[in-house]
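Asks: Residues or ranges marked as domain 'ABC transmembrane type-1' in TrEMBL: 47-227. According to TrEMBL, the transmembrane segment annotation covers 54-73, 85-107, 113-132, 178-202, 209-227.
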Amino acid sequence: MSIAVLAAAWELVCRTLIRSDDYLAPPSRVLTTGVAYVLDRDTLAGLWVTTTRFLGAFAITALVGVVLGLALGRTGRLVPPARDIFTVLYTLPLVPFYPLFVLWFGLGFRSEVAFGAIHGAVPVVLGTMAAASRVDETLITATRAMGAGRTRVLTKVVLPATVPDVVGALRIGAALSLLGVLLAELMVSVDGVGHIIAALIANLRGPELDAVILAVCAGAAVVNTALHQGERRLSRWRADSAFPGGVRQRR
């Protein structure tokens with residue numbers, strides 16, 4: 001219902017106030033001209049290129065962010081300085097640094113993936129580190145006293161306790177990884193969604209541009225929904241693995 005109301009308001013604004021498809025096309029034009037453009041073979045190829053770059057960037061974001069965040073979060077004294085460093089990195093505008101990524105990784109896939117990964121990894125590190133540092137030390141001590149090793153403590157106490165915050169950080173990291181990839185493509189790429197968007201803007205093709213943007217938003221919504229469902233499943237695993245029952249049952 002809310003989507004229908006939004007679409008009606010969008011149509012009304014375009015018909016009464018803007019009256020130029022070059023700047024903002026009404027939904028009726030987007031559904032005709034724009035959707036046909038998105039379904040074109042070349043556009044689909046560009047969407048696939050960006051998807052592969054995003055998946056590569058997000059994989060690096062998740063791996064580096066979670067592992068580094070857990071490691072730093074359990075170091076105690078290193079948490080405050082590490083938090084300060086990553087907070088500064090999080091507030092930095094990274095676009096001016098993209099030429100360095102091109103210099104280090106070259107033009108193309110590797111630099112765009114790396115740029116997307118650095119955008120997403122920092123908030124994941126911060127969220128995971130904060131969650132890991134808040135784990136109740138009493139549970140960890142008691143689990144070790146029951147004979148659990150480091151791996152068992154990690155999987156049965158630390159990971160279950162940090163699941164909600166980690167998945168929340170991954171949802172932010174996914175959005176920022178996609179942003180980083182798109183920014184890289186907008187600046188220097190010769191393919192992908194960013195390149196398509198830049199070309200459409202230059203040629204004032206409003207309906208096609210709106211349709212591509214909506215396609216990107218739909219893809220981002222799918223990823224966010226998938227992570228949300230993963231969070232729900234992991235929350236059930238967290239309850240099943242909760243101390244002390246999950247540890248005692250496997251001794």
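Indices start at 1 and increase along the chain as displayed.
Glycine is no exception: its Cβ is also placed from the backbone N, Cα and C atoms.
The shown structure was predicted, so the numbers you read here are calculated from the model rather than taken from an experiment.
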Asks: Does the structure show the transmembrane segment (113-132) and the transmembrane segment (54-73) touching, where I'm treating 3 or more Cβ pairs under 8 angstroms (sequence separation 6 or more) as a contact?
Replies: yes
Asks: Restricting to the same chain and to residues at least six past its boundaries, which positions have a Cβ under 8 Å from a Cβ of the transmembrane segment (178-202)?
Replies: 43, 45-47, 49-50, 53-54, 57-58, 94-95, 98, 101-102, 107-108, 111-113, 115-120, 208-209, 212-213, 216, 220, 223
